[in-house]
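Residues or ranges marked as compositional bias 'Basic and acidic residues' by TrEMBL: 1-12. Per TrEMBL, the feature domain 'Major facilitator superfamily (MFS) profile' maps to 54-529. The region 'Disordered' annotation in TrEMBL covers 1-22. Annotated transmembrane segment per TrEMBL: 50-67, 93-111, 120-138, 144-166, 178-201, 221-241, 393-412, 419-435, 441-464, 476-498, 504-525, in sequence order.
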Amino acid sequence: MQDSSINEKTDEPGENGVYKFSEIDPKSKDLSQQSVDFETAISHTGYGKFNYFLLLIAFPATCSNTFDTTSMSFALPSAACELQLTDFDKGCLNGAIFAGMISSAFLWGFLSDTFGRQRLLTIGYSIDAIFGLITGTSQTFCTILIFKFLSGVAICGPYSIFVAYLSELFIGKYRDSVIMSTGIFTSIGGIIQPIMAWYLIPKNIHYDFFNGAIRVNSWRIFILISTLPSIMAAVLTAFCVESPKFLMSQGRRDEALRVFRTIYAINTGKPAHTYPVKKLIDERRRSMIADQSERRRRISNKTVFVINSFWQQMTALFKKPHLCNAAHVFAVQFAALLSMNTVRLWMPEFFFRIEQIPNVTSKRVCEIVLLNITRKVTNCDEITVDPHVYTKLIYVAFITTLCFVGGSYLITIIGKEQFLIFTFVTASLSGWIFSWCTSTWAVHCCAIYVSVLQANTVAILGIVVQFFPTHLRTMAVSMTMMFGRLGVLLGSLAFPFILSMSCWAPFMIVGTITFCCAIAIIPLLPSKVSQQANT
């Protein structure tokens, strides 16, 4: 393998504190005499057990986000009567976790880009698991709402950090596939969770503790078990290494080199000291070094410095040269997640209402919804969730998994831009026809709509990772997800209001939004992405 031309920064700053650059012979193959960049260093660590371990961690780490955001929507058909929930209350419970994610998006992004990835992953998943367990034993609407919000605060960071973390521990040719694989793991988790719901929630299980003060029934047990991915991720990430890309961006080259040697030893089985790279370049941006040095001189108070550094990172995304890219991906992600998750989170409720009315296979979805609105229930014991509700959700999740697998292959052939346009157009057509479908076809429309948009949103994150430099990458991913979650929160609260006025209107709206996304994605040309891929 022939090394590309590399610029090396000397250890001593030159005139005016600016680091000098010297050319390294691109034809030289003796890495022991060169200071190399990140891509060269990571490429010589090989591909093996360490990468497989990361993919093993990726399964619970990515599933935890889906389990957290979806568990309440699966439980609502069973919990609604016990907690005396209106449709707006259901929207609040679905949206609470996203409100928590929004509130902490800035903080997690800053902490990760300032203090690193690995330790924050372990802390975040641990806190999320604790809040999830408390949610599962909560007895009132208000306490569930509060702890779902806090769970959102906790899980927001680990998910975004983990996407950046994976991209920084795989060589370039594997990054797109690895990021898409997180979507595949998420969709597999999406199959496992409705299977758990199908097995647990319809059962008549009741346990009373402390003289009935705490009641644990089937839907609460389901929420408790849904914390398992976070618990597993917390344990596994404790054994991970820090991102060498992050360490190099902070000028901590000796620590980064030790990490590279560890990865090399695990992957190849050879002693760490045989790793061919001996020196790394200082990948800190000169302007960043100068700005940080100046700020440290002017700011003696540590708290003020942390706040100032956080503000500098966040505002950098809203200034040139990142402003246009940031505004574009933020807007598309906002619209995409508003459309996709609003339908996804309301699917259990729609399928529950369909199953509540017998012999309605020839009726359209909206006619069934109107029948349920006029149907009164006086005894909560009359409410039983038909297992067919969850078999339909399993089917949707299975189609989503197939879509991710096919999407991972298709995206390498047609590129991200064409893939995003195709999925947005397909989703918009499914959304438009959903409300006029019969109950038999409604599940197929939901499966198409949700599956293509879930693959789509993962592909958008792949673009975000390429658009922004290392020291802003996690902040950019966090901000992108924050805008997406803002869309989900808005959709969760607005959907029941629009549905109460007109059944077909919300589906026409989400279909139109996804079609607008297809048009908006066109300016993200492949050439534009590729130009920034190595930033």
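Just so it is clear, glycine is given a Cβ too, placed from its N, Cα and C backbone atoms.
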Report summary line: Best-packed against the transmembrane segment (178-201), counting Cβ pairs under 8 Å over 120-138, 221-241, 419-435, 476-498, 504-525, is stretch 221-241
**Report entry** Contact call for the transmembrane segment (221-241) against the transmembrane segment (476-498), three or more Cβ pairs under 8 Å
**Finding:** no
Report summary line: Per the Cβ filter (under 8 Å) with a sequence gap of at least 6 from its ends, the transmembrane segment (504-525) is approached by 328-329, 331-332, 335-336, 338-339, 342-343, 366, 416-417, 420-421, 424-425, 427-432, 434-436, 453, 463, 491, 495, 498
Requested in this report: Can you tell me which of 93-111, 144-166, 419-435, 441-464, 476-498 gets the most C-beta pairs within less than 8 Å of the transmembrane segment (120-138)?
Outcome: 144-166
Report task. Look at every Cβ pair spanning the transmembrane segment (441-464) and the transmembrane segment (393-412), keep those 6 or more apart in sequence, and say whether at least 3 of them are under 8 Å. Result -> yes
Query raised in the report: Which one of these stretches, 393-412, 419-435, 476-498, has the most C-beta pairs shorter than 8 Å to the transmembrane segment (93-111)?
Result: 476-498
Report summary line: Same-chain residues at least 6 beyond the ends of the transmembrane segment (476-498) with CB under 8 Å of its CB atoms are 86-88, 90-92, 94-95, 98-99, 101-102, 105-106, 108-109, 112, 152, 156-157, 159-161, 163-164, 314, 317, 322, 326, 329-331, 333-339, 341-342, 345-346, 457, 460-461, 464-465, 467-468, 505-506, 509-510
Query raised in the report: Other than its close neighbours in sequence, what residues sit by the transmembrane segment (144-166), given a CB gap under 8 Å and a spacing of at least six beyond its ends?
Result: 54, 58, 61-62, 64-65, 68, 72, 83, 92-93, 96-105, 107-109, 111-112, 117-118, 120-121, 124-125, 127-128, 131-132, 134-135, 138, 175, 178-179, 182, 230, 233, 243, 461, 465, 473-474, 477-478, 481-482, 485
